[in-house]
């Protein structure tokens with residue numbers, strides 16, 4: 001019996017010792033973990049302050065950036081205005097060159113009336129005519145893409161400079177035909193040039209906006225030209241006055257379509273102007 005009692009006593013002591021051992025170890029580990037958490041919580045703000053807390057709160061940064069808008073030093077608006085200025089200068093130059101070339105073709109037929117010393121030079125036009133034509137070309141060339149984007153009417157053909165150059169060649173050819181060819185009467189001349197001008201529009205444009213703007217440009221430009229003639233600012237030779245009125249609207253129509261195609265080609269690949277809400 002004593003031996004059995006000793007056996008039970010030793011087993012119970014060992015069991016109690018084993019039960020008391022792990023709680024002490026777990027308590028020590030828990031205390032160590034709590035100490036580490038306290039150290040991290042104390043040193044965390046200082047680390048965030050040292051690194052500037054880049055990812056602490058990204059939402060306020062996004063809101064502040066959205067409210068502030070584009071930065072003043074952003075090159076995008078300047079690039080847009082720079083490209084607009086480039087397009088305007090190119091269209092102005094095209095208008096000046098076309099005015100000089102077409103006026104030279106008409107002088108060969110003695111349609112325009114200038115002093116002999118002016119006609120003897122290649123710049124055989126009144127000084128204000130080429131700048132006015134250049135300004136009109138810049139306005140028309142910038143207006144065509146704006147109307148297209150406003151109406152949402154895409155162009156029916158693939159834009160390429162080869163097509164634009166062919167359009168310019170046809171336009172110059174129409175002017176050359178009006179200066180060189182002889183017709184039986186002015187009605188025949190008007191119908192022929194009208195057919196050629198509509199053919200130019202159908203071949204290189206085919207847009208309703210192009211047709212409407214071409215007709216509007218032809219009407220307004222013819223009206224302004226006749227106003228200048230009646231007030232003595234610009235003169236035509238008397239025998240050809242009816243001849244001038246017969247071909248002038250067709251020339252202005254085809255010129256508007258041609259300059260519009262140039263403006264559309266220049267506007268390709270240009271990003272839209274940024275809007276701020």
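Cβ atoms are placed via backbone N, Cα and C, with glycine included.
Note that the structure is predicted; figures quoted are calculated from it, not measured.
Checking the candidates 158, 180 against Swiss-Prot, the annotation ubiquitin cross-link falls on 158. In Swiss-Prot, the feature ubiquitin cross-link is assigned, of 33, 156, to 156; the remaining candidates carry no such note in the record.
According to Swiss-Prot, of the residues 68, 207, 207 is the one noted as phosphoserine. Checking Swiss-Prot for region 'Disordered' across the ranges 5-27, 51-73 points to 51-73. Checked against Swiss-Prot, the domain name for residue 148 matches that for residue 267, so both face the same side of the membrane. Per-residue pLDDT, averaged along the topological domain 'Cytoplasmic' (264-277), amounts to 62 for this model. Residues of the topological domain 'Cytoplasmic' (205-209) grouped by DSSP class, helix first, strand second and coil last, total 2 helix, 0 strand, 3 coil.
Here the transmembrane segment (127-144) sits apart from the transmembrane segment (186-204); fewer than 3 CB pairs are under 8 Å, leaving out pairs fewer than 6 apart in sequence.
The Cβ of residue 207 (phosphoserine) has 22 other Cβ atoms within 10 Å, all protein chains considered.
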